[in-house]
Amino acid sequence: MKAFALAFGYAMVLPTLALAECPGVTAGELTVSKAWSRVTIGTQRPAVFYVEIRNDGQTDDRLIGIETSAAGMPMLHQTVIKDGVASMPHAAAVEIPAGQTVSLAPGGYHGMLMDLTRPLVEGESFPVTLTFEQAGAVEIETRILPIRAQEAQCDAER
Amino acid sequence: MRRRTLILGGAGLAGAFGFTLGLGAWRSGDLQGSAPDATAANSRADLSRMAWRLIDDRGAPVGPQDWLGRASMVFFGFTWCPDVCPTTLMDIADWLEGLGPDADRIGIAMITVDPQRDSPAVLAEYLSNFDPRIRGLTGTPDAVATAAAAFGVTYARVPQSDGDYTMNHTSGVFVFQPSGELASVIDFHEERRFAVPKIRRAIG
């Protein structure tokens, strides 16, 4: 009975914790939030990383890299459609202009997580460190959503 | 190569602004220029005049004439693709929902541009995560090349620095009438309010 109560307690607490992650983390004038990825089938396919970055400052910044223990080779990429053909060039940096919010989102900029160290399992999360030219490094927990997910599953925005 | 990366980075900057302003602006802005060309290049695609043989994710042989008599939607992709393909598959799921009962009157297939990795079993496992009405097609590299050429689709292998590779490929969804004639091409990220009527017209 006690075990049941404990399990029930966790079930209640976990979603709350997950939601609490959504407001994001700050570094200087930047707020990083809504970090999410999709479930992977095994470790062979590259996984994806999406996030939202808000720059409340007066100075432009740039996202210049991502790191994570979940992948041996995480890189910034961008989906580009030219003459109807989709390609995914490596993006050296993503500009985060002063006063603006930039999203890594389906169909545009995204982190491509190659050489996964383990399969990404729905409901779990993993840390990703974003490195900005001005603001430095910021770590955020990235939620693993179903393969069908198209956006972060949280609307909590401070 | 370095210079090319920089140029693409510049294009990326424009893309980032589009995203900031809202996907709508980006969609219509960026895609309108390319859409007429893509459509024109494939405007004569006709299933009744194509000749290719592929295998579906259940191991059954499929040819273009098998789809005649009912409308069909076809697109090219690959399951190692982290961004475009899940998005297209979810767009299609969204359109099917928008079609309601009419959705059962159209066949849907994704033809892989990566037959080396996308075997029937791999396609089946991957697609099982999406709408069960979507079939996956693969074949020998030659068979896939023949099919792609019939649709006017281009694709190319792009090596990655870790020795892996990704694929560039034509991204639109071809919509065919029951006669096999091309009805329209739905571009990547086209809004549901435009896509669903296009499909409905093809169903007839």
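Cβ atoms here come from the backbone N, Cα and C positions, even for glycine.
In TrEMBL this protein carries:
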DOMAIN    B:29-204  domain 'Thioredoxin'
BINDING   B:C81, B:C85, B:H169  Cu cation binding site
DISULFID  B:C81-B:C85  disulfide bond
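Every protein chain shown contributes to the tally, and the Cβ of B:C85 (Cu cation binding site) ends up with 23 other Cβ atoms within 10 Å. On the 0 to 100 pLDDT scale, the domain 'Thioredoxin' (B:29-204) averages 90 in this prediction. Contacts of B:C81 (Cu cation binding site) defined by a Cβ separation under 8 A and a same-chain sequence distance of 6+ are given as B:T166, B:M167, in order along the sequence. Its Cβ placed at the centre, B:H169 (Cu cation binding site) has 25 other Cβ atoms within 10 Å.
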